[in-house]
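What Swiss-Prot says about this one:
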type: BINDING; residues: Gln87, Gly105, Glu106, Gly107, Lys108, Thr109, Asp494; note: ATP binding site
type: BINDING; residues: Cys819, Cys821, Cys830, Cys831; note: Zn(2+) binding site
type: COMPBIAS; residues: 806-815; note: compositional bias 'Basic and acidic residues'
type: REGION; residues: 789-816; note: region 'Disordered'
Amino acid sequence: MLGFLFKKVFGSKNDRYIKRLRPIVAAINALEPQMQSLRDEDFPVRIAEYRQQVEEGRKLDDMLPEVFALVREAGKRVFNMRHFDVQLVGGMALHHGKIAEMKTGEGKTLVATLPVVLNALTGKGVHVVTVNDYLAKRDAAWMGQLYNFLGLSVGVIVHGLDDEQRKAAYGADITYGTNNEFGFDYLRDNMKFYAEQLVQRGHNFAIVDEVDSILIDEARTPLIISGASEESTGLYRHMDEIVRKLTRDTHFTVDEKARTAMLTDEGVAFCETLVGIDNLYDPGNITTQHHLMQALKAHNLFRRDVDYIVKEGQVVIVDEFTGRLMPGRRFSDGLHQALEAKEAVKIEAENQTLASITFQNYFRMYAKLAGMTGTADTEAVEFHQIYSLEVVSIPTNKPMQRKDFADAIYRTKREKYDAIAQAIAELHKAGQPVLVGTISIETSELLSTMLKKTGVPHSVLNAKHHEKEAEIVALAGQRGHVTIATNMAGRGTDIVLGEGVRELGGLHILGTERHESRRIDNQLRGRSGRQGDPGSSRFYLSLEDDLMRLFGSERISGLMEKLGMEEGEPIEARMVSRAIENAQKRVEGHNFEIRKTLLDYDNVMNQQREVIYTLRRDAMSAPDLGPTMEEFLDDVLEDVYAPAEGGEAPSADTVAAVWGRLADVCNITRVMQPAPALPTRDEARAAVLSILHELREDTGESYRDIIRYFMLEELDRCWKEHLRNMDHLRDGIGLRGYGQRDPKLEYKREGFAMFQEMLFRIKEGVFRSLTRLRVQRVEEEAFRHKEQPAAVAYSGGEAEAGPAQPHREDPKVGRNDLCPCGSGRKYKKCCGA
C-alpha cells in the first residue's frame, strides 16, 4: 500500500530516471541550430577535436549533449532521419550501461548510433552485438554510412573471416558482429602462441541488440571449442539398435516436464541381456550406460523438425527461441552422435572440450555493457542479478494502438488448427494481412498444408526456408498477405503496412501456441502496432499443447467440462488466461534456476580460466621469461625436497626417491651424478639453471621463443586435460546431494584442489621438457608455429602429441603447395616437414 502511494506521488523508478534526462534532452535540442550551420566536411573535424579532448581528460558525460546533437544532425544529412527526443533518452540509457526497452519500430538501430559514437571517442573500440550474421552485415553497412560521414571506421565480424580480416575489424572504432563470433574469437585468442596473432583488443563497451535473446535465451548453452576425441563411433549404432527394441512404460519412463528418460528395473535387465553384460551400473560399464541413456533421450525427448532437422545428411540444431538453424553447433556429451545414429546419417567423432565460456561470463568482462530489446521487463530480475543491468522502459514516440484479444482455447489441437485456418481465410478475404507465429517447423508446415487445401496464398518462413527471410518479413504488412513464421524469425526487420491496410485494422498477429516464456509471446505481439500503427493479436491454444499438457491443464479441462463446452467451441476467460500465465511463470522460474546453476558452476571455471589465460598472455608478451622460470623452479624444488626436509636425516630410500624425482623432473643427472648424499636445494637450483644457461648459449635469440613454446604447449596440454576432468567431476557431482553435501561447494572444493595440482604439473612439465633439449638446428621460423617445433629435439623420452585442433572449414594444404604460414617455402619443407 505504501509502495503504491509512493509511486503515485513520486512516480516509478523508471519515470524518475527519464525525468532526470529531460534537461539533457533540452540541452541537445538547444544545440541543433549550431550543428545545422556546420558544413559536411566539418563533421570529421569535430570528431577529431572531441577525441583530443577525451585524451586530455574531458569526461564523456560532459561531452554528451554536443556529441548527441552532432550525431542527430549527421543522421538527418545521411539518412534524412532525425532522432526523436525519446530516441535521445534511449541513447543516454545505453551510454549509462542500462538496457533500453523500446517497442518494435521505435528505431533501436538508429538509437545505438548515439552512444556508439560517444564511446568510440575513447579509441578503445565499441562492439555492437547482433543475433545473426545478416543483421551484423546489414547494420554495419547501413549505419556505417553515418559513422564514415563522421570520420569513424567500421568493421564487421562474420563467419568465415581469417585472422587478418578479424584483426582489422577489431581495430576499427566500431565493430559489428554476432555474440557467437565475439565469444569464439576470445576463446581462439587464448589458444594462440604469439601476441601479434591475437585479433581482439580488449573489452571496453558493448551494446547488445536483442539483449534478451542473447543474454537469456542463449545463456543455457556455453560456447565450446572442441577437438576430436579417440572414441569409436560404433557404440552409438549398437545402443541405437537396442533402444529401438525397448517399450515405453515397460522398459523405460519419460518425464517430459523434467525432460528426462529413465530405464525401469525390467528395462535394465532387458538391456543387460541384449548388451551381454551382468551389471549395467558396474563402473566398468559406465561408457555403455552413458551411450545407452543418450540414445534413450535422442529417441524420446528430441523431435525431428522441432529440436533439429536433417539437412544434406547432417543433424542440424534448430534454435528453440528463434526457429533458426544453428549449423556448426553440436549437442555435447554424445547426444548429437545419438541423434545421428537415430537418423541413420554419418556419425561424427565425439568431441573433447579445448576451451569454453558461458555468455554470462564473456559479457561480464566488458568494462561497460548495455542492451536494447522490445521485451525485457519480464526478465528484469535476472538482468539485475546476473549482469547488474537495470531495465529502462523508453516511452514510445506515438501512443500504442494495438488491440490484444483474449486467448481462444480449444479442447484438441485438431479443433484449434481448424479454427486457425478458418480465421486466416476470413482475414485474408477481408484483405487484412496476417502474421502467423508457430513454435516449430512441424506446425508451420502443417498449417501451410491446410491453407493450400483451402486455396489461401501464403509465405512460409522457418529454418528450412530462411534464405529470403528479410524479404518475406518486409512484405508481411501488405494487403491480403499471409505469412507463417516460426517463433521470432525475422526479428530486426520492420513490417511496414501497405496501402489501405491501416483502414482494415493493421497487421493481425495470430499465435498458434503459447511459448514457455511470456517474453517470446510479447515479441510476437510486438511485430504489430509499430510507430502508432493500428494492429491486433490473438493466441489460439488447445489443452493438448505442450505447455497446457505439462503444466496444469487438468484444472482448465475440468472448467471447460463444467461450462459444457461443445466440440469446436472455444473458451475465452480471463481465469484460464491467468492459469496459463502462471504456468509460464513457473517455467520461466525453472529456466532461470537452470541458467543460474550453470553460472554458479561456470564461475568456478571462470576463476581458473582467468588464471590460465593470464599466464598465457604473460608468456606471450613478456620480454623476458627468466624470472617466471626461476619462480617455477623454486616451486618445483620445494615439492621435490619436501620428503627430505622434515627435520630428521632422510633415509636411504628417501634420498633415492628425491634423486629419482630430480632426474625425472629436472634431468639433473646431465650435470651431476647421484651420490649417497643429496645436494642442497641451492645446489640443485644452480645445476638446473646451468642447464638452462647452456641452452641459452646454444640457441641465442631463439631462447625466449623456445621457453615460450614449451610453456604454452605444456599449459595447453594440462588445461585441456583439466577441462575433461572438470567435465567428469561436474557430471557426477549431483549425486553428492544424496550424502547431505552441497554439490556446488563440493565442486568448488574439489575443482580447486584439481586446479592446484594442474598448475604444479605445468611447472614440472616445462622443466621436464626444457632440460632434455639438445640443439640440432636453429631457425626462428620454426618457433613461429605451434605445429612445428623443428628447432629442438629431446635427448631422452618422446615428445607428446600436441592438442587436438578445433574443427575448421579450411581446405587441406597439398604437400607441394606454398605453406599457409607465409614463409614462402613449400608446405612439405616447412610446417609439413
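Each residue, glycine too, has its Cβ placed from N, Cα and C.
Feature annotations (Swiss-Prot) mapped to structure.
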{"residue": "Gln87", "record": "ATP binding site", "CB count, 10 Å": "27"}
{"residue": "Gly105", "record": "ATP binding site", "CB count, 10 Å": "21"}
{"residue": "Glu106", "record": "ATP binding site", "CB count, 10 Å": "23"}
{"residue": "Gly107", "record": "ATP binding site", "CB count, 10 Å": "20"}
{"residue": "Lys108", "record": "ATP binding site", "CB count, 10 Å": "23"}
{"residue": "Thr109", "record": "ATP binding site", "CB count, 10 Å": "17"}
{"residue": "Asp494", "record": "ATP binding site", "CB count, 10 Å": "15"}
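Note: the ATP site is recorded as Gln87, Gly105, Glu106, Gly107, Lys108, Thr109, Asp494; in the same chain, Met102, Thr104, Leu110, Val111 also have Cβ atoms within 8 Å of that site's Cβ centroid. Here the binding residues for ATP are Gln87, Gly105, Glu106, Gly107, Lys108, Thr109, Asp494. Their largest Cα to Cα distance works out to 17 Å. In the three-state DSSP reading, Gly107 (ATP binding site) counts as coil. For the recorded site, Gln87 (ATP binding site), the DSSP three-state label reads helix.
Look at Asp494 (ATP binding site): DSSP puts it in coil.
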